[in-house]
Amino acid sequence: MTLRNDWTRDEIQALYDQPFLDLVFQAQQVHREHFSANTIQVSTLLSIKTGKCPEDCKYCSQSAHYDSKLEAEKRIAVDKVISEAKAAKDSGSSRFCMGAAWRNPHERDMPYVLEMVREVKALGLETCMTLGMLNQSQAERLSDAGLDYYNHNLDTSREYYNNIISTRTFDDRLNTLDHVRSAGMKVCSGGIVGLGEQKQDRIGLLHELATLPIHPESVPINMLVPIEGTPLADVEKLDVTEWIRTIAVARIIMPYSYIRLSAGRESLSDSDQALAFMAGANSLFSGDKLLTTPNAGEGKDQVLFAKLGLVAEKPKVSVRAMAVDAMSA
């Protein structure tokens, strides 16, 4: 399939609106053209600083604006992070992601996170961080330290965005992605479905991602986990088929990207997850927690992998070079 970054919303909607089985079948065909059919990239996510975030994301338990009963924690010691990274590697993860509840890292935080990147990288793991907004200097220093991926989600469509967050603009997010890309790191960026958005917003999110100059190497598709005390605690649950449609379209229009099952997976049946893999998902977060939300534990994932005949991918150089070459051809 030809790699494109000129998708129109009408084209994406036409894909999204196909009969469900036709869409999933097409996505699986595209998936097999670019990836091993039964291999899943496994990541582990650790919160290195929890709670009291100044942002007002309406879905997030870590926001200081809401009474979610989350107990805030100061940043954890580097040696504790390394211990967790070693355990993640022993459990089959190929990538270790570190997240901090910051609007952006302060300069006083940079030596701490740079040391962390170097130490985790030395274990032979791919490294990823999500620390909020970055300026160009911070992005370059993270890249120089060996950071492979930087996560900064767009969350939802540009049109729906202001219903979800007011303390950071949509363009602020795009600017951070530009800094990450300019510094030579790989981009991890996706969004959340089930925020109370409409179908057009899911299409809009996919359109934003697929029309970036270079597609994100990793695209997390989260399902909202309602958190008591947040404004979205009682939002109507999205039908799982809409989540799978979003995954399938992401696979078709971003064929070289890893499509990751992220938050919300803990509530899904094995059959739902199998259908998501059929729709082109080929990455997931393993472990009992994703920052502060529950997740399918490592033991459950091992059982699921055995049931479906899936194997975990080994750490390797990502497909970024292939995607860049294809887009410049």
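Each residue, glycine too, has its Cβ placed from N, Cα and C.
Since we're looking at a predicted model, the values are computed, not measured.
Listed by Swiss-Prot as binding [2Fe-2S] cluster are Cys97, Cys128, Arg260; the candidate from Cys53, Cys188 that the record includes in that site is Cys188. Under the three-state DSSP scheme, Cys60 ([4Fe-4S] cluster binding site) falls in the coil class. Cα-Cα distance from Cys53 ([4Fe-4S] cluster binding site) to Cys97 ([2Fe-2S] cluster binding site): 18 Å (rounded to the nearest whole number).
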